[in-house]
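Engineer: Mind looking over this structure? Questions follow.
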Amino acid sequence: MTLSPYLQEVAKRRTFAIISHPDAGKTTITEKVLLFGQAIQTAGTVKGRGSSQHAKSDWMEMEKQRGISITTSVMQFPYHDCLVNLLDTPGHEDFSEDTYRTLTAVDCCLMVIDAAKGVEDRTRKLMEVTRLRDTPILTFMNKLDRDIRDPMELLDEVENELKIGCAPITWPIGCGKLFKGVYHLYKDETYLYQTGKGHTIQEVRIVKGLNNPDLDAAVGEDLAQQLRDELELVQGASNEFDEELFLAGEITPVFFGTALGNFGVDHMLDGLVAWAPAPMPRQTDTRTVEASEERFTGFVFKIQANMDPKHRDRVAFMRVVSGKYEKGMKLRQVRTGKDVVISDALTFMAGDRSHVEEAYPGDILGLHNHGTIQIGDTFTQGEMMKFTGIPNFAPELFRRIRLKDPLKQKQLLKGLVQLSEEGAVQVFRPISNNDLIVGAVGVLQFDVVVARLKSEYNVEAIYESVNVATARWVESADAKKFEEFKRKNETQLALDGGDNLTYIAPTMVNLNLTQERYPDVQFRKTREH
């Protein structure tokens, strides 16, 4: 049975994001993935601040200065017979809710681990978010051109700490200065590593068969024998790859390589297009939407300001769930009930924009937004329903924002509300005073906000510490008890950017006591958009 042209397009799509701890090599791997997808001819590695060659996916001004990727950009490239959408996620020492939310818009994740360090804190946090939807995970053990930890130990650590089985697909031969290449367990082939070839795609020498004397000649007898011994152990002790368990998020195929040396990335990409799911169904408040449905649906997971420094516009990123987008199409924005004609949707290659004529499930569209689109908005061809599972996360860090020029209060509030709508920060306005408190998941968000207030809204602000430890969204079915709660806790209540009532607690102890005192009030850690 041949698929219809529409279903053929759907089947070709793979949409994934990369999760890693800062400095595990995520930006480098992004570069190399794009190189293999021939989206860029030479991978511009991220060098120090003075370098003129900036990595393709780090593109706001602050990112250029710091060498870190702050905004989640989207890159689409062809690979074999597939079209791959890679959603880049902020991965430096500080990241934001954008990173969490981007993981709700993909069908698969690539986890990049620094093989010298193993599982690190950020990787754990991001894996927890992928667990909300049992997202399938591929794993790339990076930096084999450095001295690494024992590979068996690394697999054990992933299994024990992240509670996911490991199925090695390739296995390393040596590491650091002695790194010779990897052996593919399922193809019975050894791929030999050459140094100094990191910027372009090279022909790799392949040795067929584990017992081929050419292998001993190529890597030396000692390493060849060590490989055979290790593989006996590996095949006895680790999981075999099973596609069903992978799709259920229970096991992860593991690849070894060095992104900087451009080695092993193609093996991982081959696995991604072969095994990662085509666009998946998604839940709404009324039903499940299948990617095979021909009527258009999509949801907004991120809003980015000022992608074009020459224009003060904002772009909403929408994941297509079903149906085909065509230029000039009329779509209903469910939250407002308004029909809008989308004539100029964009597709991206990190900051380079091009207009899209058509898009399919799994693709990401950029919609011009003049303040009318919010995170979590659903677009359909008329059906009134809302996609679920795109949450706001309670901030973990808080600062008070103060103006250098008190006359600019209005611009400040406008700027903060707009920044909160796009998820750059959350803003809270205490009911009992005129303070403005911003909440974030990571510290750098505060610097980003101050820098953007200045460059986009011409408002000079500084932030200072504030006595807030945590925040919870509050609601209650019992109107009378809720009124009493509000009356007695006025000094701890604030409205967020969307005017939702929030309890801001000075300490965790205070929060726990208040929750005990008011059992009829719900204190929520996440809030659906």
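Including glycine, each Cβ sits where the backbone N, Cα and C put it.
Okay, so Swiss-Prot annotates it like this:
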| type | residues | note |
| --- | --- | --- |
| BINDING | 20-27, 88-92, 142-145 | GTP binding site |
| DOMAIN | 11-280 | domain 'tr-type G' |
Engineer: Note the mean pLDDT of the domain 'tr-type G' (11-280), expressed as a whole number.
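Structural biologist: Residues in the domain 'tr-type G' (11-280) carry a mean pLDDT of 85 in this prediction.
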Engineer: So, in DSSP terms, is S20 (GTP binding site) helix, strand, or coil?
Structural biologist: strand
Engineer: Counting across all protein chains present, how many other Cβ atoms fall within 10 Å of the Cβ of L144 (GTP binding site)?
Structural biologist: 28
Engineer: Under DSSP, is K26 (GTP binding site) helix, strand or coil?
Structural biologist: helix
